[in-house]
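Participant: Below: one structure in structure tokens.
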């Protein structure tokens, strides 16, 4: 199955926050100044790049989405340089000019790949009238699918609570990359995206994944958030939502050269994907893939649609993710050459719940690789009735592929996966429920090949059918 990228071209996103200009002076250094014990750098290259909230907007525009940027600047060369750089990459700027303040600028001097000094030109915009920012947000709300608030604690988001309320009143999701430990100011946001250090600065040190989930869910409740995404560097990212099982996604980075701006890429891809009409789980899947690309580049960078598609589909080359049947067979051959035990299971997995997550985690513990075969939409309809599936095949596979326990996801069109299992011949075939092993599709073929068949219990009280019934009852009530 081909994973389709979101329709970014129809996504409109506004970014509001602290914009800044990053300046870089490069050159060789071979002597010490006679005036002071400091190196002399002969500057031969000068670069200017949009930073802060401007980098978020660039990440959104690089995907082909419609990006609008609002922020505070001075009336100076830095503001003009920002406007030109952003216009060149199709970011529509609507800056509020503050004559009494300079545009925030960070100048870095580098030699031999080492940063020697950073000079900051800023006064902060605290106390500046926020009304022009509110007016720009109000004017855009009817034409955007997401609002990003990018906080670098420079003053542009001093009235962040009013901005959140404006967007929520209009039904526009609000995504915030937080700064500092006062999360009270972000109350009512749709999604916060702190990194692990920022998260632990608020909730305390977390020794286990369970503690991250427990404290994250409390934070969601305390501040009336809809969701929380904790980015965890080499450990990937964790999505927490009330009433849903936590979604832990392992990192997809192959090599890490520079984490600068990775958070901007994550929130930019999240916003663009949501604005394109995709689910939050799908948005996290694509954001995780994009982060894996951007940390492999030097400096603040963006991700193109081609790079993102290669990152998603490229997992097949490294033995992971959503695959075609042919790709899966090659991956299994490679796994067996490495001496790995292959476990396989199957199901509809329509509305993923805690029972599914627990079952798949237990299945994964039985071997080195876990294959999940998923009924196609037509197969599901024949099995479950005309009202199913609730979620289409592509969405079901993407969410499964994002789970840490799952290595490979493949679909099948038939009523049972018997043909598929016979072609893969896993070392262990697993099924959840009250089946007898001989009743499980593909069991005879696996046994004939010397493999094992095992039945695992599902977690009590978890059922897609019950979830659907509860939703229907809540609507009636």
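Note: Cβ is positioned from N, Cα and C throughout, glycine not excepted.
Swiss-Prot lists these features:
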- 264: active site (ACT_SITE)
- 195, 196, 197, 198: ATP binding site (BINDING)
- 179: N6-acetyllysine (MOD_RES)
- 1-318: region 'Ribokinase' (REGION)
- 344-477: region 'Cytidylyltransferase' (REGION)
Participant: Compute the average pLDDT of the predicted model within the region 'Ribokinase' (1-318).
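Facilitator: Computed over the region 'Ribokinase' (1-318), the mean pLDDT is 90 on the 0 to 100 scale.
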Participant: If one looks at the chain holding residue 198 (ATP binding site), which residues at least 6 apart in sequence have a CB under 8 angstroms from its CB?
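Facilitator: For residue 198 (ATP binding site), the qualifying residues are 178, 179.
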Participant: Which numbers of helix, strand and coil residues does DSSP report for the region 'Cytidylyltransferase' (344-477)?
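Facilitator: Going through the region 'Cytidylyltransferase' (344-477) residue by residue, I get 57 helix, 26 strand, 51 coil.
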Participant: Which one of the recorded positions (179, 195, 196, 197, 264) has its C-beta surrounded by the most other C-beta atoms within 10 angstroms?
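Facilitator: Compared across 179, 195, 196, 197, 264, the most Cβ atoms within 10 Å surround 264.
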Participant: Cα-Cα separation of residue 197 (ATP binding site) and residue 264 (active site), in Å?
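Facilitator: With distance taken Cα to Cα, residue 264 (active site) is 16 Å from residue 197 (ATP binding site).
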Participant: Where does residue 179 (N6-acetyllysine) sit in DSSP terms: helix, strand, or coil?
Facilitator: coil
Participant: For residue 196 (ATP binding site) and the residue listed as 'active site', what Cα-Cα distance in Å is obtained after rounding to a whole number?
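Facilitator: Checking the Cα atoms of residue 196 (ATP binding site) and the residue listed as 'active site' gives a distance of 15 Å.
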Participant: Given the recorded ATP site (195, 196, 197, 198), which additional residues of the same chain have their Cβ within 8 Å of the Cβ centre, ordered by sequence?
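Facilitator: After dropping the recorded site residues, what remains is 194, 199, 200, 201, 230, 231, 232.
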Participant: Would you mind reading off the Cα separation of the residue listed as 'active site' from residue 195 (ATP binding site), to the nearest angstrom?
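Facilitator: So the alpha carbons of the residue listed as 'active site' and residue 195 (ATP binding site) sit roughly 11 Å from each other.
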